[in-house]
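What TrEMBL says about this one:
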type: DOMAIN; residues: 4-115; note: domain 'Tetrahydrofolate dehydrogenase/cyclohydrolase catalytic'
type: DOMAIN; residues: 135-276; note: domain 'Tetrahydrofolate dehydrogenase/cyclohydrolase NAD(P)-binding'
type: BINDING; residues: GLY161, ARG162, SER163, ILE227; note: NADP(+) binding site
Amino acid sequence: MQILKGAPVAAAIRDEIKKELEGCETKPCLAIVRVGEKQEDLSYERSALKRMSGVGIETKLFVFPADISMDDFSAEFAAINDDPTIDGILLFRPLPAQLNESQIVESIAPEKDVDGISSAALGKLFSGDKHAFAPCTAQAVMEIIHFYGIEPQGKRAVVLGRSLVVGKPLSMLLLNENATVTICHSRTASLPEVCREADILVTAIGKAKWVDERFVSEKTIVIDVGINVDENGMLCGDVNFGQIEDKVFMATPVPGGVGAVTTAVLAKHVLEAAKGRRALNSKGGKNGLSAD
Ligand code: NAP
């Protein structure tokens, strides 16, 4: 079995970004918006800050107290949205209950929605627009598929999970590349049998080591999106890797698979947003980022 590691995929994306930004005076800028101090937000934030600075993308961090009112947060968010120096916005969710999350999400300027969370971004993606920003995790799966030379066209893809963050957008990305896609969820009957038919099996259910040898065959390419903690407190995916590793064609590990690629995709989206917003190639510089 071939192990599909995320690190080389992320490194290739980062190298490409660094090359594009070489010699540019004006750097793309990502706003990171956090409400409260949740551990998972803080950990993703640390990794995003490190990755952005590593490729030459600026960041502005906006942190608000967990009890901020909707009026105050709306006003602050509108100012971030309108700030011409900001190219992309990463908003940590879920927001606290007193904030109307869908109203905030729908207010994100489409050209700054680098994590593809608004209906406008998802609508573009679902209508097959190649310039849509897909949610970074869904796009990270596609980057792995492309990097390792896997051709989705004509393949049977089964996506386990139907969330708007991973399962549904990923299904559209695979469909846009001419895979034959089946979306499964908690009410799917005969799940192991359906999954066993897959050439590409993507798991995004959030259940530690839940997918076992019954779900795979020797032709399966397994892409595990899950990030879970097992009974020993160790990070693990949705797939019981030990059970499937000798029985499949290819598989991503957890940790070290999809999760390693997500922030590289975020950086790529911020660069694309900056290029789109600043009318590139019009004013000097290799890609227009030298002048506003
Ligand atoms: P979610 O919103 O909780 O959705 C889970 C989906 O899995 C739902 O569609 C649910 O079906 C389905 N499901 C749950 N248990 C199932 C079962 N036993 N059999 C079949 N389907 C089942 O989760 P999510 O946000 O999509 O995240 C999924 C996983 O990906 C989590 O482990 C999360 O931590 C991870 N994740 C990783 C990254 C990354 O960068 N690698 C980013 C985001 C998320 P119903 O719709 O029927 O309830």
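A Cβ is built for glycine as well, from the same backbone N, Cα and C atoms used for every other residue.
TrEMBL labels come from automatic prediction, so no person has curated them.
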If you measure every Cα to Cα pair among GLY161, ARG162, SER163, ILE227, the residues listed for NADP(+), what is the largest value in Å? 16
Identify, in sequence order, the residues in the chain of ILE227 (NADP(+) binding site) that are 6 or more apart from it along the sequence and have a CB within less than 8 Å of its CB; answer 'none' if there are none. GLY206, LEU235, GLY237, VAL254, PRO255, GLY259
Relative to the Cβ of SER163 (NADP(+) binding site), which residues of the same chain, six or more apart in sequence, are found under 8 Å away? ALA204
Winner by Cβ contact number (other Cβ atoms within 10 Å) across the binding-site residues GLY161, ARG162: GLY161
Counted with DSSP (H/G/I as helix, E/B as strand, rest coil), the domain 'Tetrahydrofolate dehydrogenase/cyclohydrolase catalytic' (4-115) has 55 helix, 18 strand, 39 coil
